[in-house]
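Peer 1: Here it is, the structure in full.
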């Protein structure tokens, strides 16, 4: 019995308070104000929770665990799905959730805020971050600087941009001028395939400068924004007004199929096989019924058979 008694005494870390002391505490609480009672209860709760927390930390060791969210600051340590590797880099194929603060910055932030009660804590704004979390502010500014530097390095690494004299983006010159003219040519081909005649009018002054400056192939259209597309449809009823057209260049950048062809005065006869019967007669109606028609055909057959057989009877039709 003595052995068991000694073991039990050793196991209990703190002996329970005597019942008289508890009754005295309760009597004191009755005299105290509500705020003082709440503070006392909090202190007692903290004292009871501290040994439990220490045990958990000792037992966990190298286990994978995730800390809870503390007043808007999420701590995410360990090696889980959305966590970091040992060196602090994100593993390939695993994304870090947006707005997560990890590592030393998170520890500092939680350490600073331990003494402040949740009721009195200010909201997380830019000013409060500068005041209460200077480490976080530094980290975000450093990350932004690194991103800007990476973008600049990526731009400089391109060989075609290094060789250029003017640092104009490549897509600007390609897309900006040609978009309108490509649209015109597409529309022209669309209309040409459907039997409409298309004529393009171009600004000659701009074309001369462009032809001298840029070596363009013959089949390519001009790269100016001033290309005007006109579609001509035959309309004899309309009044024709004399239109003054600008003189064209000797070397045009317009495709051959877009140029207006001269209309031939002689009308071509359509090719086809001439019909041997009147097609209108097929649909004409008659007063004769089908029975009458088939009756006549039967009589004609009967006459033929009698004539072939050499019978004495003669049918008059």
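Using the three backbone atoms N, Cα and C, a Cβ is placed for every residue, glycine included.
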Peer 1: In Swiss-Prot, which of these is labelled phosphoserine: 23, 83, 222?
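Peer 2: In Swiss-Prot, 23 carries the phosphoserine label; others show none in the record.
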Peer 1: Among the residue ranges 26-44, 45-63, I'd like the one that Swiss-Prot describes as motif 'UAP56-binding motif'.
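Peer 2: Spelled out, Swiss-Prot records motif 'UAP56-binding motif' over residues 26-44, not the other listed ranges.
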Peer 1: Region 'Disordered' per Swiss-Prot: which of the ranges 1-26, 105-130 is that?
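Peer 2: In Swiss-Prot, the region 'Disordered' feature sits at 1-26.
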Peer 1: Go ahead and report the DSSP secondary structure tallies for the motif 'UAP56-binding motif' (26-44): helix first, then strand, then coil.
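Peer 2: Computed counts for the motif 'UAP56-binding motif' (26-44) are 17 helix, 0 strand, 2 coil.
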